[in-house]
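First comes the structure, then the notes that go with it.
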Amino acid sequence: MDAACLDRTALPSPAELYERVRHHVPAIEWPALAEDVAAIQALKRARNAVVLAHNYQAPEIFHTVADIVGDSLALAREAARTDADVIVLAGVHFMAETAKILNPGKTVLIPDPGAGCSLAESITAADVRALRRRHPGVPVVTYVNTSAAVKAESDLCCTSGNAKAVVESLGVPRVLMIPDEYLAQNVQADLPHIEILTWAGHCEVHERFTAEDIREARQAYPGVAVLAHPECPPAVVAEADFSGSTAAMQDYVETRRPAQVVMITECAMADNLALRNPDVAFVKPCNLCPHMKRISLGKIRRSLETLAHEVTVPDDLIAPARRAVERMLAVRP
Ligand code: 13P
Ligand code: SF4
């Protein structure tokens with residue numbers, strides 16, 4: 001193992017780890033979790049493994065065993081950079097596939113292979129080929145929340161953190177932006193000079209928010225800052241004070257430090273930020289992603305013990321999917 005890739009000497013003690021999550025995890029539950037945490041830390045050392053965790057992961061994962069945390073863009077960037085032999089993706093399947101596409105020689109594990117995504121399930125490679133036939137010559141920008149097969153049919157990928165910059169980077173008047181209809185419509189509102197054609201895919205978590213939720217939150221908490229993820233419908237984004245990727249929402253909270261904030265996104269986002277920002281009051285509503293919630297400390301531990309569940313991508317898809325992801329990574333917002 002390459003000892004330089006992780007600073008093993010800096011591992012916090014169990015007491016320090018509990019301090020990070022004690023406002024979220026009751027003391028009575030900690031001993032069982034601490035056992036999993038200790039086992040995961042030892043297994044990571046033994047296997048030269050890293051845990052990449054998305055911002056929607058539960059606090060006991062996010063704050064104790066993750067080596068790298070972030071939004072989809074940050075995780076893709078870090079996956080491209082790591083020198084670990086094993087990557088455990090604490091997130092959903094498309095994120096693990098992206099890590100595999102960027103690291104075909106490494107072992108990439110997902111602790112629960114059932115951790116899917118309604119957006120990834122909304123479109124197939126055949127759908128993309130049909131769209132291309134219907135709109136010849138129009139470049140296809142594909143959200144990373146898709147399968148490797150769909151990425152392989154695309155010109156380049158985007159995330160919520162760089163969608164606008166990616167579309168603008170093409171310098172063309174017409175773009176197909178798939179499969180998230182609302183993300184595409186939200187980008188369209190910012191780029192009226194470009195015609196954005198889209199697909200009727202939705203995030204099952206963000207599509208449930210309504211503009212009325214925001215109006216109610218403003219009434220209940222006067223002065224509250226409202227941050228909405230761009231997978232929300234445009235009417236929701238229009239009511240918000242700010243819209244951006246999960247990393248951009250974090251940045252807003254940590255730099256602007258609103259007294260009260262509502263995060264119109266997955267619930268773990270506020271849970272994780274609240275632990276690091278005790279001076280900010282986080283208020284509801286939020287929605288749970290059932291896919292993200294399939295990942296647990298116990299499943300991460302088993303994954304590292306047994307090297308299950310290994311994520312594979314067919315050889316013929318690696319090169320075209322990688323081209324689309326790398327083209328995205330080359331775009332600077
Ligand atoms: P970001 O973290 O890239 O904003 O994505 C949100 C999301 O829904 C990932 O599944
Ligand atoms: Fe997919 Fe939405 Fe869950 Fe993200 S929050 S994984 S976009 S279903």
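Positions of Cβ are set from backbone N, Cα and C atoms, glycine also.
Per TrEMBL, iminosuccinate binding site is recorded for His54, Ser72, Tyr143, Val144, Asn145, Ser160, His229, Pro230, Glu231, Thr246. Every protein chain considered, the tally of other Cβ atoms within 10 Å of the Cβ of Asn145 (iminosuccinate binding site) stands at 27.
The feature [4Fe-4S] cluster binding site is assigned by TrEMBL to Cys117, Cys203, Cys289. For Cys289 ([4Fe-4S] cluster binding site), the same-chain residues that are 6 or more apart in sequence and have a Cβ closer than 8 Å to its Cβ are Tyr56, Val92, Glu204, Val205, Glu266.
Annotated iminosuccinate site His54, Ser72, Tyr143, Val144, Asn145, Ser160, His229, Pro230, Glu231, Thr246; additional same-chain residues within 8 Å of its Cβ mean position, judged by their own Cβ, are Asp71, Thr159, Gly161, Leu183, Cys203, Ser245. Applying an 8 A CB threshold to same-chain residues 6+ apart, the list for His229 (iminosuccinate binding site) reads Ser160, His206, Ser243, Gly244, Ser245, Thr246, Met249, Ile264, Thr265.
For Tyr143 (iminosuccinate binding site), other Cβ atoms within 10 Å of its Cβ number 30. Other than the site residues Cys117, Cys203, Cys289, same-chain residues with C-beta atoms no more than 8 angstroms from the centre of those residues' C-beta atoms, the [4Fe-4S] cluster site, are Val92, Ser118, Leu119, Asn145, Glu204, Val205, His206, Glu231, Glu266, His291, Met292. Taken in sequence order, the binding-site residues Cys117, Tyr143, His229, Cys289 that lie near ligand 2, meaning a CB under 6 Å from one of its atoms, are Cys117, Cys289.
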